[in-house]
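Enquirer: What follows is a single structure, and I will ask about it in a moment.
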Amino acid sequence: MNENEMIQEIERLKKEKNAVILAHNYQIPEIQEIADIVGDSLKLSQEATKTDADIIVFSGVHFMAESAKILSPHKKVLLPAYDAGCPMADMVDGDKLKIFKQEYPDIPIVCYVNSSAEVKAESDICCTSSNAVKIVKSMKEDKLLFVPDQNLGSYIQKQIPEKEIILWEGFCITHHRVKSIEVNVAKKKHPDALVLVHPECNEAVVSKADFVGSTSEIIDYANRSENKTFIIGTEMGVLHKLRKENPDKKFYLLSPGLTCYNMKKTTLENIYKALVFEQYEIKVEEEIRNKALHSLTRMLELS
Ligand code: CIZ
Ligand code: SF4
């Protein structure tokens with residue numbers, strides 16, 4: 001089957017099985033083009049609750065498909081690449097949070113959506129990079145634990161100095177390794193460019209940026225800006241939408257390392273197979289699902 005035939009088959013199977021394809025902004029362009037909805041994890045989880053499809057094919061990584069399943073337990077949620085995980089999400093687990101809670105029962109836990117169902121179940125509320133500051137601000141407590149991303153945590157801390165945020169030592173292997181010297185080099189090369197970065201980048205990089213935000217916020221910022229050149233400090237997948245929506249503007253990737261290999265495990269071929277064989281189905285144990293749902297629902301109500 002060539003690529004065009006595969007795309008046609010995917011379209012046919014989608015109709016036959018009443019399936020939708022949700023794709024994250026970090027997915028490869030071919031997948032963004034065939035997806036019904038492309039967005040960040042906040043938008044995709046909102047869409048997962050709205051769709052009346054029977055099957056959700058989630059083009060992204062495991063925690064995203066799992067969140068869709070938590071929110072839509074009666075739908076079949078499929079992850080086309082069974083081993084597409086998020087190393088950052090694996091840097092914290094439910095057992096460690098249980099120990100923390102025994103030790104500090106009065107300190108609430110806010111978890112980044114990049115986390116497992118177990119971690120969401122042990123947390124008081126969830127957040128994404130689009131709503132993290134708003135969520136933490138809404139907490140009545142002055143002190144809280146933020147897991148797992150230390151960089152997003154310290155970014156939130158800077159925005160909300162009146163609260164004390166205990167950081168976890170997690171990080172995104174893709175964003176964290178960008179060096180601040182790469183910002184200097186990129187600015188020298190493109191002196192008129194604005195530097196837009198994700199808060200998962202380390203503090204040295206974030207402090208040199210003109211704008212810090214989630215993928216959707218970066219895309220919105222570039223769409224609205226009168227500037228014509230941008231240096232993009234997040235996963236390369238976002239370049240597709242940025243260039244498509246702004247043919248008159250120039251976008252350069254801040255660092256050649258900004259590729260998440262887990263996000264690149266999804267291909268047209270495994271999406272096709274996901275639809276044919278209805279694989280790989282995401283399941284979440286009911287007790288954990290109920291508790292995790294509480295964290296996600298609280299977040300969605302505030303978003
Ligand atoms: O929240 C998301 O979707 C992630 C992981 C990145 C972003 O900022 O969109
Ligand atoms: Fe995880 Fe980083 Fe990949 Fe996002 S870009 S899925 S945080 S490893």
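Every residue gets a Cβ built from N, Cα and C, even glycine.
Automatic, uncurated: that is what TrEMBL annotation is.
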Enquirer: The iminosuccinate site in TrEMBL lists HIS24, SER41, TYR112, VAL113, ASN114, SER129, HIS198, PRO199, GLU200. Which one of THR51, THR215, THR229 belongs there according to the record?
Expert: THR215
Enquirer: With the iminosuccinate site defined by the record as HIS24, SER41, TYR112, VAL113, ASN114, SER129, HIS198, PRO199, GLU200, THR215, how many Å span the farthest pair of C-alpha atoms?
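Expert: Between the outermost Cα atoms of HIS24, SER41, TYR112, VAL113, ASN114, SER129, HIS198, PRO199, GLU200, THR215, the distance is 17 Å.
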Enquirer: In Å, rounded, how far does the Cα of ASN114 (iminosuccinate binding site) sit from the Cα of CYS86 ([4Fe-4S] cluster binding site)?
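Expert: Cα of ASN114 (iminosuccinate binding site) to Cα of CYS86 ([4Fe-4S] cluster binding site) measures 7 Å after rounding.
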Enquirer: Which residue among the binding-site residues CYS86, CYS172 has the fewest other Cβ atoms within 10 Å of its Cβ, if you could check?
Expert: CYS86
Enquirer: Between HIS198 (iminosuccinate binding site) and CYS260 ([4Fe-4S] cluster binding site), find the distance joining the two CA atoms and give it rounded to the nearest Å.
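Expert: Rounded to the nearest whole number, the Cα-Cα distance is 14 Å.
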